[in-house]
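Q: Have a look at this one before I ask anything.
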């Protein structure tokens with residue numbers, strides 16, 4: 001008699017076989033509590049996913065927490081402005097491990113139609129690591145459910161010997177630097193000058209997703225935009241209408 005047949009016979013008698021990893025992952029995947037972080041119109045679709053038509057509670061994620069201390073996944077839904085980034089990072093640092101991030105919509109992923117604006121960041125992954133990206137403007141509730149199932153699939157294959165929050169945490173970043181919003185833009189500790197200037201391009205690569213084995217480091221395969229000058233910005237009271245018209249005509 002094969003081991004599989006023996007296992008099936010014992011299961012019919014109420015004896016179940018599993019591993020510590022499967023049991024641990026099953027418990028976590030079945031109760032992924034989200035922290036709502038609705039920043040713009042994508043949050044409406046996130047709210048709709050929790051309503052009766054889509055019923056996100058089928059996946060154990062109906063408890064939207066207002067406290068990061070009780071949340072497992074941060075759903076960043078909407079446009080991330082530079083004034084909001086410090087709050088996003090600060091709340092992410094307060095979440096207990098294991099913690100995950102879902103970037104919902106084009107704005108949270110890359111800035112969306114506002115990516116060239118003076119006040120919008122070009123992706124929340126410049127400041128916190130993202131596990132699952134959801135395209136769309138805005139994504140439908142089904143897309144959020146698919147992202148949740150994708151996150152559950154990532155949890156299913158995790159091993160306690162390899163996850164970054166269990167065991168030896170050497171080299172693992174647990175506290176991400178909280179940016180400071182200054183007069184010229186976002187200043188990130190550890191990055192000289194203004195890391196994300198107002199009206200300019202960020203001078204830093206995104207973080208590596210933990211799903212890809214990241215430990216909180218930035219993606220070295222993407223070249224940082226060193227020396228990139230910010231685009232000229234019109235400040236109130238510094239130019240005249242004639243100067244603006246001359247610039248457009250030129």
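Using N, Cα and C of the backbone, Cβ positions are placed for all residues, glycine too.
Annotation comment: Swiss-Prot describes 41, 42, 107, 137 as [4Fe-4S] cluster binding site.
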Q: If one looks at the chain holding residue 107 ([4Fe-4S] cluster binding site), which residues at least 6 apart in sequence have a CB under 8 angstroms from its CB?
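A: In sequence order, the residues whose Cβ lies under 8 Å from that of residue 107 ([4Fe-4S] cluster binding site) (at least 6 apart) are 39, 40, 42, 78, 79, 80, 113, 114, 120, 137.
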Q: Note down the number of other Cβ atoms within 10 Å of the Cβ of residue 41 ([4Fe-4S] cluster binding site), including every protein chain shown.
A: 14
Q: Of all the binding-site residues here, 42, 137, which one's CB has the most other CB atoms within 10 A?
A: 42
